[in-house]
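Trainee: Take this structure, written in structure tokens, and hold onto it; I'll ask about it next.
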């Protein structure tokens, strides 16, 4: 069986598990009157989404983990790379699960405090570094225009920054029905293609497993969303993406492949700096998808335009660097 055939089985497995169990989670949350609390600072028309079931990411994360483990084990390819990817996805997913759980329990929009979330994110990143370093891991980091720099300290700092940064970047992008889901399908699809070209079955199977779960999740997450992925999904997706880019030895690719995630994060940083220094806001509201909403764009229009931008970023990367 070819690596693509086995990876497609992983995709179908993850998709099937998500389709089966996600409706059960939605039904459970409705029966217990559990749902997302919408922040007051967001667009006023988002308040009608209050009470929508959340934590849907828990299902597709578990589905992806189960699928990639059993398919790689079946193909005798369950190696350290698979475990690093699984720990990344599951580890950041657990942080998000705790965050979502606190929000639901206390019926508020605030979950883990910022320092608590950051500390846990750093711990997961350090665990990944420790696991990778136990197998003669290459700590060379390519710096654009400077070449490869061999520094363990620099590489460890970079991995922590990359994983924490992109887990939060995807989290910031999860503000509209289906937005982060579609963007993640494009990004993971791009890395699946790269992994296939490199004949890296572990990463290919992982990406396809995540894609399968996301495709199934989108059925319930497109506007009007029947369930949100919550931090359990968005933090996991971002952590997984960052780890995949590093394991493929192409970390900088994420600046183009994940260009929308980068722009969402940059808009928040720019807004804060501008307001703190000049008292003026650059955007009507951040993250930037809300800015376009405030300009009168519908959610579907924002989704489609942002998905296209994400796709163009991925195509540009593949066209230039393959």
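Even glycines carry a Cβ here, placed using N, Cα and C.
Annotated transmembrane segment per Swiss-Prot: 6-26, 54-74, 82-102, 122-142, 145-165, 176-196, 200-220, 227-247, 255-275, 302-322, in sequence order.
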Trainee: Which one of these stretches, 54-74, 82-102, 200-220, 227-247, 302-322, has the most C-beta pairs shorter than 8 Å to the transmembrane segment (145-165)?
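Mentor: Per the Cβ count, the answer is 227-247.
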Trainee: Does the transmembrane segment (227-247) make contact with the transmembrane segment (302-322) through 3 or more Cβ pairs under 8 Å, each pair 6 or more apart in sequence?
Mentor: no
Trainee: Do at least three CB pairs under 8 A connect the transmembrane segment (176-196) and the transmembrane segment (255-275), leaving out pairs fewer than 6 apart in sequence?
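Mentor: Taking Cβ pairs at least 6 residues apart, the transmembrane segment (176-196) and the transmembrane segment (255-275) are in contact, with 3 or more under 8 Å.
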Trainee: Would you kindly list the residues that approach the transmembrane segment (6-26) from elsewhere in its chain, counting only those six or more residues past its ends and only Cβ-Cβ distances under 8 Å?
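Mentor: That would be 53, 55-56, 58-60, 62-64, 66-68, 70-71, 74-75, 192, 196, 201, 204-205, 207-213, 215-217, 219-220, 226-227.
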Trainee: Residues of the same chain, at least six outside the transmembrane segment (82-102), with any C-beta under 8 angstroms of its C-beta?
Mentor: 54-55, 57-58, 61, 64-65, 68-69, 72, 110-112, 117, 120-121, 124, 127-128, 131-132, 163, 167, 171, 202-203, 205-206, 210, 230-240, 242-244, 247
Trainee: Is the transmembrane segment (200-220) packed against any residues at least 6 beyond its ends, judged by a Cβ distance under 8 Å, and which are they?
Mentor: 3-4, 6-8, 10-19, 22-23, 26, 56-57, 59-61, 63-65, 67-68, 71-72, 75, 77, 79, 81-82, 85-86, 89, 178, 181-182, 184-185, 188-189, 191-192, 226-227, 229, 233, 237, 240, 244, 247-248
